[in-house]
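Novice: The transmembrane segment annotation in TrEMBL covers 48-73, 79-97, 131-161, 167-187, 199-218, 238-258, 278-297, 335-360, 380-398, 405-427, 447-466, 478-499.
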């Protein structure tokens, strides 16, 4: 950037040497980015923030996979790991916020990759990013809904410890959740911002109730301050001191979908400013709230060996029942988590459907003409929502054959989202951050570089971490097939590209007026 280069005006797309598009407050940023507006703009910065928090769903996001933290050593990775994750994931959120500010569209990461990449590589890079992004959206949504079903099964086990739920029974619960979520998302679009707001309020109330109840009852005793914040048993997972990193998986899972709200860009006025603010605030706001949920659990939880016997691999209801002194007390607190999880299911399904719709709009998926249609009456990309739901239900069948294979989809969701975040961030860094440095919402060059580097390094480590088995020695039941599933998905998308998509997929609109001259 030269000294004469001007900062873009309103929305980030003003006149001068930066861009050629003159945009005022009344200018439709979606049109500037090359698309026709089709979705209703019923989102504000706060409702986008609340949707981000609903997707993170702190009590469920952390509590659902809590058994990993138990095998990972207990309180130290639960507490200290949470703090570490807040720092590194905020770096990802800030990095994504800059990109979303520069190019605020529902196409998200694959649009960013296309605009930032060199002309010779933009088409293929955007296609790879898009499919990675899409797979991440589908599988992380799947993990939420299946985890929801597992929590319900764990509630039954509180009263019937000897009851072993069959795979087909769990599948039916999962299908019921998918269908309920579909109905709400398809026909309640105008109410969804209020739903996200209600989720934020209810989550705060649920965390407060949990804190008070656990602190007051503490039937299995109260741990010392040292044990509450620093107890660490490195013998349970078989990984030795590396168990600490196994223990931070629940925290990493909680904020893994932080970028999904970028798919809501076209449902918000002035998204170039409001969207990045919502993304950037979600981690610190959710992180602080999470401490009020995590610390009481660390202070009152029973021995790690006791928790390892939790049915269906769901530690949280088991801990609640033990600390409250009765199955009824455990169920009461778990019901709060179930309600939050249902909110999460709605919010994350909405975001995943918008991602599907945006990718179909650019002719990148089969039958794109159908899946890019918007139901005018309800303001919803209904067929994209149908596809998102069907894909989940089909993938859920995997659990009938192998629960370990299904668990791989949970890890694939985190890995896919992380890789889709990394690609545009790395491309931006390759071009010395020229585009994001002139975005309406930017960190500036020095801080931006620091944040980007931390984000990319963490994504690299996170990808490896979620590919590893959580327990040693490894057998068919404990093996992590995430890499196999991820490579399989990418191979299928490559076949689709070679066979058909390369002839019809031209990438998103180029929006040359938004380009910054690279020297």
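Using the three backbone atoms N, Cα and C, a Cβ is placed for every residue, glycine included.
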Novice: Please indicate, using numbers and ranges, the residues of the same chain that are 6 or more beyond the transmembrane segment (238-258) and have a C-beta under 8 Å from a C-beta there.
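Specialist: For the transmembrane segment (238-258), the list is 52, 55-58, 61-66, 68-74, 76-78, 81-82, 84-86, 89, 92-93, 96, 140, 232, 279, 282-283, 286, 290, 348, 351, 410, 413-414, 417-418, 462, 465-466, 468, 470-473.
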Novice: Would you kindly list the residues that approach the transmembrane segment (199-218) from elsewhere in its chain, counting only those six or more residues past its ends and only Cβ-Cβ distances under 8 Å?
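Specialist: Distant Cβ neighbours of the transmembrane segment (199-218) are 49-50, 53-54, 57-59, 289, 292-293, 296-297, 299-300, 320, 323-325, 329, 333, 336-337, 339-340, 343-344, 347.
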Novice: Name the range, of those listed as 131-161, 167-187, 335-360, 380-398, 447-466, that has the largest tally of Cβ pairs under 8 Å with the transmembrane segment (405-427).
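Specialist: Looking only at 131-161, 167-187, 335-360, 380-398, 447-466, the most contacts with the transmembrane segment (405-427) come from 131-161.
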Novice: Any chance the transmembrane segment (278-297) and the transmembrane segment (447-466) are in contact, meaning at least three CB pairs closer than 8 A with a sequence separation of 6+?
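Specialist: Stretch pair does not touch.
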Novice: Is it true that the transmembrane segment (380-398) and the transmembrane segment (131-161) have 3 or more CB pairs under 8 Å, sequence gap of 6 or more?
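Specialist: Checked: the transmembrane segment (380-398) vs the transmembrane segment (131-161), in contact.
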Novice: Taking a Cβ cut-off under 8 Å, which residues six or more beyond the ends of the transmembrane segment (447-466) line up next to it in the same chain?
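Specialist: Here the qualifying positions are 87-89, 91-92, 94-95, 98, 245-246, 249, 252, 411, 414-415, 418-419, 421-422, 425-426, 428-429, 433, 436-437, 480, 482.
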Novice: Would you kindly list the residues that approach the transmembrane segment (48-73) from elsewhere in its chain, counting only those six or more residues past its ends and only Cβ-Cβ distances under 8 Å?
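Specialist: Beyond its ends, the transmembrane segment (48-73) has Cβ neighbours at 81-82, 144, 147-148, 150-151, 193, 195-197, 199-200, 203, 206-207, 210, 231-234, 236-237, 243-251, 253-255, 257-258, 260-261, 264, 268, 274-275, 277-279, 281-282, 285-286, 289-290, 293-294, 304, 307-308, 310, 313-316, 319, 336-337, 340-341, 343-344, 346-348, 350-351, 410, 470-471.
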